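**Q** Input: one structure, supplied below.
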Amino acid sequence: MELYIGSKNYSSWSMRPWLVMKHFDLPMQEHLVAFDDFSADGQFKQLMSLISPSGKVPTLIDQDIVVWDSLAICEYLAERFPEKHLWPIDKTQRARARSICAEMHSGFSTLRQYCGMNIEADLRFIGSKLWNDLAGLRADIARIEHIWAERPEIHGFLCGDFSIADAFYAPVVMRFVSYGLPISEQSQQYMQNILTNPAVIQWITQAQAEKQFVQHQEPYRQHREQFLRS
Ligand SMILES: N[C@@H](CCC(=O)N[C@@H](CS)C(=O)NCC(=O)O)C(=O)O
């Protein structure tokens, strides 16, 4: 199976199915298509429009089957490898896992808009300002913390063992770290569970090594001084 992903520093949607495939040791040939300005004649769009109907990452190719969109890919993998239990075995937890993935997939717009994933960057200077200024951001984070607090075991994952649900919330953990957002102790415990996962460590290490910065993904890096003064 071939998984097309974007730059590891930025591509939160790519991180999700990649983590699932790594964590569950699924056969994967990875193709990293580095982010550019996403213009129609740029390398990213030129390649991805040949691979995927959406022209976006992530996209999975399994022989003659093409699956695009992170959630669709994870559902496809769960169906393709039922013995791996990518969704929780327990029916109640499985329903919860599906619900919180769908909630992540379609929600948390303020967090997504203002705190794009940027693993390599230290954005704590802007994180505290965003936290103070944006009620929507505080509401998104409160909801995420509530979801995390409902995990069955404090030392465990969101719905028991590591599942697709954790892969869906891992990029949020990356954002909480980069932007230094004020998170409860209980949530920090969950963040540690994610940050010590071997697949997550591998993604972070590779993201930090990339050092290929793209302007439209960097609303803050260039303006650090200006933000600090304002
Ligand atoms: N809902 C999609 C979102 C995919 C998406 O927006 N991918 C971004 C990278 S993280 C992309 O390829 N952007 C290129 C573009 O917008 O043209 C998913 O879950 O896979």
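Each residue, glycine too, has its Cβ placed from N, Cα and C.
Pulled these from TrEMBL:
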DOMAIN    1-85  domain 'GST N-terminal'
**Q** Give me the DSSP three-state residue breakdown of the domain 'GST N-terminal' (1-85), ordered helix, strand, coil.
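**A** Reading the DSSP string over the domain 'GST N-terminal' (1-85) gives 35 helix, 16 strand, 34 coil.
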**Q** In this predicted model, what is the average pLDDT of the domain 'GST N-terminal' (1-85)?
**A** 98
